[in-house]
Every structure is written in C-alpha cells, then in structure tokens.
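I have placed the structure first, in the form of structure tokens, so that the comments after it can refer back to it.
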C-alpha cells in the first residue's frame, strides 16, 4: 500500500487529480479501448473534481474515451433530486468535461428490480474487462462506498441498509434533517473494488483518523472495510495532515520519506 501524506484537503484533491490525469494520458484511450474510471460522491472528492475540471479546461486531459462507474446511489430518491448522486456527479463533474453521456454509468436507485439492477451493473463492469482506477473516500467508521462495518470483503454490488451514523453524517446535505436521508442505498461491493486494477482512497479530516489508522496499521477486519486495501496489490491512500493524528510517528515518517519525490511542488 502507498500512503501519500499531504498537508491540506486542497493538496489531496490536486494530487489525486494529477494521478488520474497521468493514468488516463499514459493509457492513451481510444473508442475501442477506453480508460475505465470508478468515481465517488460526497464532500471528500470535491477538490479532486474541481482540479480535474480545471485540468480539462487547460487542455491537459480529455474524457472522450473514458468510461465511468459510480460507487453508489440512494434508493428511492428521484435522480432529479439535488442530493441524488446522479445530480451530484453532473453538477460537480460531468457537466464540465467532454465525457459522452453514453460513457457514464450510475446505479438506478429507483429500478423496479433492484437485484437485477445490481447484477447488470456488475456485468457491465466485467464487459469492459476491469476498472483501471477506482477513486473513493472513506467514512468515519471506515466504510468505503456504502460497505458499512461488517460488510463481506467478497461482496458485490447490492442494496445495503445505511447505519444511523452514516445517515447523520449525510444529513448535512439534507438541511440537517436525518429523516430526509434515505435508509437504503445501492453500492458496489468490497469485492468489486478489489477487482479494480488500482484503488485510490482520499482521507480528509481528524474525524477520519481512526479509519486511516485501521487501514494502515491495523489488521484486515470487516468491521473496518477500508482495511481491505491491505489485500489489494495496487492501493493508494492520499491523506491530509489532520487525518494522520492516530498514526504512529514512525509510520508517518516512513511514508513521508518513501513518497518525498512524489509530493514535491504541491
């Protein structure tokens, strides 16, 4: 596992965006051979999306031959709702870059047959071979996507019941009213994430410090689903300074020395 220790949330977003752009450009995608990118929602990736849009406008990257799969979507929330992940992605990213509409894949939380929707999502991912890079965030309790604590590390795309803590955390997007936050969501599984060629997780803020410590220094444990990254051959965790407060000094020193050349100029 790589740990990229940075100072601020803005630096995390810029580093992540630069990494994505470098991966896309090195891949040299075409119509017949697209780059497949997994994407998250929430507050954490906003700085990365902003940086990606700026780099696109500067002519540094094109998304014409990029196919995206989003991590999750609320169940029962109309896609036109301002807090649906469909709306979030268009508002913060898709509407500002040159990605074709047919290349965008989002789970349908209003599908008449939820199980079929989840199966078809997995099948569509497999039809592209694999996701080349999956970017994600992490919850205070260590969840990735909506794989809440005790999720199977072999799980696939499915419906999940959201914990009360997750709904409280997300209520900030619903005028602070937890009762407006859906109780269920569709989410890619831990196994889906582990199938990706590379997984990059962004970690911001002191409230994520325990999750980061569990990911880097703890054991693989389904109560901290972020710890699944230890099983992945190409996992990258990009974090800000407040999120590292639970790490041992020698752990942080080790990764700072290891990644010194990769964090210059931010």
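Here the Cβ of each residue, glycine as well, is placed from N, Cα and C on the backbone.
Per Swiss-Prot, the feature active site, proton acceptor maps to 72 (among others); the stated evidence is sequence analysis. Residue 72 (active site, proton acceptor) carries a strand DSSP state (E or B).
For residue 141 (active site, for ring-opening step), the same-chain residues lying six or more positions away in sequence with a CB closer than 8 A to its CB are 148, 149, 163, 165, 166, 211, 224. The annotation active site, for ring-opening step is assigned in Swiss-Prot to 141 (among others) on the grounds of sequence analysis.
Residues or ranges marked as active site, proton acceptor in Swiss-Prot (evidence: sequence analysis): 143 (among others). Of all Cβ atoms in the shown protein chains, 25 besides its own fall within 10 Å of the Cβ of residue 143 (active site, proton acceptor). Residue 143 (active site, proton acceptor) falls outside any helix or strand according to DSSP and counts as coil.
According to Swiss-Prot, the active site, for ring-opening step annotation covers 148 (among others). For residue 148 (active site, for ring-opening step), other Cβ atoms within 10 Å of its Cβ number 21.
Per Swiss-Prot, the feature site 'Part of the allosteric site' maps to 151 (among others); the stated evidence is sequence analysis. In this structure, residue 151 (site 'Part of the allosteric site') belongs to neither helix nor strand by DSSP; it is coil.
Its Cβ placed at the centre, residue 158 (site 'Part of the allosteric site') has 22 other Cβ atoms within 10 Å. Annotated site 'Part of the allosteric site' per Swiss-Prot: 158 (among others), in sequence order.
Around the Cβ of residue 160 (site 'Part of the allosteric site'), 21 further Cβ atoms fall within 10 Å across all displayed protein chains. When secondary structure is read from DSSP and collapsed to three states, residue 160 (site 'Part of the allosteric site') falls in the strand class. Look at Swiss-Prot and you will find 160 (among others) tagged as site 'Part of the allosteric site', backed by sequence analysis.
The site 'Part of the allosteric site' annotation in Swiss-Prot covers 161 (among others). Sequence-distant neighbours of residue 161 (site 'Part of the allosteric site') (same chain, 6+ apart, CB under 8 A from its CB) are 148, 183, 184.
Taking a C-beta cut-off of under 8 Å and a sequence gap of six or more, residue 254 (site 'Part of the allosteric site') has no contacts in its own chain. Here Swiss-Prot flags 254 (among others) as site 'Part of the allosteric site'.
Residue 72 (active site, proton acceptor) sits 9 Å from residue 158 (site 'Part of the allosteric site'), taking the C-alpha atoms as the reference points.
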